[in-house]
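Asker: If you look up TrEMBL, you'll see 1-10 marked as compositional bias 'Basic residues'. Annotated region 'Disordered' per TrEMBL: 1-90, in sequence order. Look at TrEMBL and you will find 11-21, 72-83 tagged as compositional bias 'Basic and acidic residues'. Sequence annotations record features per position, and here TrEMBL assigns compositional bias 'Acidic residues' to 29-39, 49-67. According to TrEMBL, the domain 'Nrap protein' annotation covers 208-349, 353-495, 518-637, 664-844, 847-1004, 1007-1137.
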Amino acid sequence: MAVHASKRRKLEHESSEENDRASFASFSEDGEDNEDREEMEVNRQDAGGDSELEEASDENGEDEDEAQPAARSERNGVKKQSDTAKSALQSSGGIYTAGTFKSNMFKLQVDELLEQIKPRRAKREESAEQALHALKATIEKTSPRPARGIDEAERELLMSSKVAVPFPDPRPAKDAKYKLEYAKPAHINVIGSFAMKTSSRTKDTLEVDMTVTIPQSLFQDKDYLNHRYFYKRSYYLAFIAAQVKQAHGTDYDICFEDFRDDQLKPVLVVSPKDGSGNSGEVKPAPKWRINILPCIGTDTFPAEKLLPTRNCVRQAEDAKSDPTPFYNSSLRADMLTTQYLKLVHGAANSCPAFRDACLLGSTWLRQRGFTSNKSAGGFGNFEWHTLMALLLQGGGPNGKPVLSEGYSSYQLFKATLQVLAMKDMSKQAVVIGHASGDVRAAASGLPMVWDGLRSHNVLYKMQPWAYLQLRREARTTLAMLGDQLYEGFDATFILRLDNPLLRYDCAVELPAGAVKDASKLYEVLRRGLGDRVSQVTIRPSGNGSWQLGASRPKSSGKGSMQAAFNVNPDTVHRTVDHGPSAENKAEASSFRKFWGEKAELRRFKDGSIQESLIWAPSEAGQPVLEQIVRFLLKRHVSDMADASAKFTDDGFSRMLRHGPSIVLFKPLMEAFKQLEVDIRGLEGLPLSIRQIMPADAQLRYSSIQPPVNVPGRPRPLPAEVTIQFEGSARWPDDLVAIQRTKIAFLLNICEKMQEAVDGVTTRIGLENQDHDSLNQGFLEIIYDSGAAFRMRVHHDREQTLLERQLKDKSLTPSVKESAAVGLAAYKRLYLKTPAHTQSVARLCSRYPALSGTIRLTKKWFASHLLANHIAEEVIELIAIRNFVQPWPWQVPSSVQTGFLRTLHWLSRWDWRAEPLIVDLSGSAELKQPDVQAIKTHFDAWRKLDPSMNRIVLFAASNADTDGTTYTDSSPSKVIAARMTALAKAASAEIEEKTVDLEAANLFASPLSDYDFVVHLSASAAGGKKRRNLNGNAAFKNLELASLDDPSMVGFEPVTSFLNDLQNLYGSAVLFFSGGIERPVIAGLWSPQTAPRSWKVNLTYSTIPAKESKVEDVQAHINKDAILAEVARLGGDMIEKIEAHR
């Protein structure tokens, strides 16, 4: 111990040169591994000595008699705590203890992630370290510059070195009494993530912060007032820039930049230039940058003068005005750079998992777009590291630590998220140490983590909207990590989540020059939109960099800024806003002042007289939200802001005919209720009715086209329903006889409906005549309102008989196969689809944006000609997943957000290895054992069918745990791969265009990809009214009569035509159809139709051909004959056929 004590005393009085060498001790000049050196430093401190980072942090002018005892006491405490933490970890068998992670897989993924992102010494790091040493040597050689007046000092520097002093706004007065001078730095230190080895090596650019401590002798007692410190700091930085430019201008790119978007504090940015190779080609430079930051000693100015409650920007010497918390904290931060390095370094030594937790936190922040820059939230690596280090010391009840040094990295990460999520730091400051009542009150409206020992608010750069976004992200992540059915690793650490189209329901882009005050914009939007939005976020543009000889650019004229919203779906489309009562004079006056001519006094039905606002319905053109935002921009911001605002909202909603609202489905829903009443009211039925169940997309708010009669849709499609009677021993015990009995029941209902109910048409239909075990008949019921239903009888005895046939070993394979087909059809028609319909309808009522999202997703599949391959129910499950399991976001509140997130998930879904599992209950009815059983079933299918010839997509839910009901034999691997490729292309478009995205572009794909394309007539494809070719309207009455003909209900010529083509040429052609959304049928020739030896019973038309190198006669597919036959079958349904190959 005596040796180390002696060493400490010597280092405390070392020369400036020795101190600087100690500052750079963490860099290995001889190629030694950085991690090994860091471990040596930690071990040395644990043995009783000071770390060299702490040795290098003595500030010029510090009162060592006061600082050293406290530092020794802190170090002794760190050593004891470190020993305790290490022993606790050793006793538990390592950092990861039982119960720490939600699963073993999650733990392995975290371990692998940490291994990939931990910093390592590579060429980039070596290049940056060499530059650090070169810059340090250059700055150390600078000579003092005597004091000069502001105008003279600035002019001299510009004339001699072509460097303009980057004074903050407002610039200093030329006749100011104080002078500017330069003296050799007191210290040169490296701080931040690079020094602490908590910087992820996966970042595109390695960023290194190097502080240059300005001697205290250059400042006067009141230089903290009226920007005087910042003016002197700017000159000091400009002088260093001149020296660096002279010495290294040919080697490095050098420029000024506002540090973390704080225009009070410019920094010097040094980065490498591109080189040239041996043959003259450009050789990319290593991606690193060094920020040179001027700072000052801890006691340069009194801490109490810089509290958030004080005013330090005064118009007159004794004038009093509002506090300047940001100004004060920005200056205070320059005094505490080394102090916070000590704090974080001590935490890393006392808590073994601290560094790994820092890496996890920085990864989580980066994926969500948070950095320490003001424009990117003001919460980045420094704030995360410092917050964790402070919470290891206090912040809990009675000042106890919130975090334990024995926590694993994941526990530290999750506990820090809990602090961010659960505590509203904008209403009640988190205080570590002591804080006066005035300081606590200063947190009102602004987030505050008050470091009492250092008298500083760590979150001083955060704006209210950024803090609310951070809390929202923390809450969402915690909920996701608590979901036992969702692993959550990728969504927490891997996925990039800052795309505004996926993150928000609506966004508006504005030129930065149109908005002078982002805070005012936020307050105006927040007040004006009220309960229509749950969140308003402002994303200002960064200030950028500028050349050394150029003047500082105006921050308000460059780039663009965004205002983004998450909406409340229940209120966002409201057209009438009720303001204060006319009797409340003060509130009414404030309301009229804010809204101007838009406010009007109205009397309502209840007799009240209130101020009110009236907006045009969204259906009239402009969405209500856009109307309000544009009005607020024009009235409270600027005319330029209104004129140049670019909105992303509602472009996707317009893609749906008649809009996304479920109100369109209400007539059919009411008709279904009436149907149930009418049937239950029938007298003389042989059996009483147990239940009538909906089993159709129209009855679960999810059909692309709205049901019943609407303009442009004169021919309604019947909605499928099932009816089940009470059990009876009189039912036959034979499948064929059951089908006949069911038809008899339907005939009975048909007759009684015609007799008992007015305004209804009924008729019996037959189906599946070639399969005795399948349902044979249905009843169509058509109301005069246009609502149509197709009813089938459900008898549960069928399932027992079919299962008995499957178990009967005496039956032939063909009979068993027929029974298997019948059982699958029975389950799908009578069990799975009604249960699915009920669940989806319930969810669409719960989530207002879900119906439109499902319909838009179906339209996307149809527009890309995949509608005939992927069942509606599967598409619905894909869309619903993003509502019941929305991670890593919250539940979508707009159709646009729901649809884009669906495409985003679809582009990442690895259907080869992952089943789609959706809990349709919305209330966690699907438990972990159920999920495990579904996964086991999926694994069994993959082992049974590894080539995926039968089951490609596996889509399960609590209503269908089999997972193959809607995907058996369709789609094929080709179709699934096409779906994924289209989704990836759409996601790339979303990522590239962001707010400039055109909705229609996502629904367009070239037809040239197909071998041939059959273009259908509009009348056949869209169900539009047929018109006389000569334009003669003489037979319009006959035309309308044919449209009202009940026999036309449910008539789908395109579907029938496609089925015929599939039956005839399915072995030779893969057909694609988009239904009425895209009036074409495209085809790809099957690879099996390649030239082959001729044989009998080929399933397609061929042409014999003799090739020179082949002895046998080859059979070539006769494409022209097949396409001619297709044209003959289609008749006047076809406009033209294009053959590409």
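Heads up, the Cβ atoms here are built off N, Cα and C, so glycines get one too.
Curation does not apply to TrEMBL; its annotations are automatic.
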Asker: Provide the three-state DSSP residue tally for the domain 'Nrap protein' (353-495): helix first, then strand, then coil.
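Answerer: Result for the domain 'Nrap protein' (353-495), in helix, strand, coil order: 75 helix, 12 strand, 56 coil.
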Asker: Determine the mean pLDDT over the domain 'Nrap protein' (353-495), rounding to the nearest whole number.
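Answerer: Its mean pLDDT is 91.
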Asker: In the domain 'Nrap protein' (208-349), how many residues does DSSP call helix, how many strand, and how many coil?
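Answerer: Looking at the domain 'Nrap protein' (208-349) with DSSP, the answer is 55 helix, 32 strand, 55 coil.
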Asker: May I have the DSSP-based helix, strand and coil counts for the residues of the domain 'Nrap protein' (518-637)?
Answerer: 46 helix, 33 strand, 41 coil
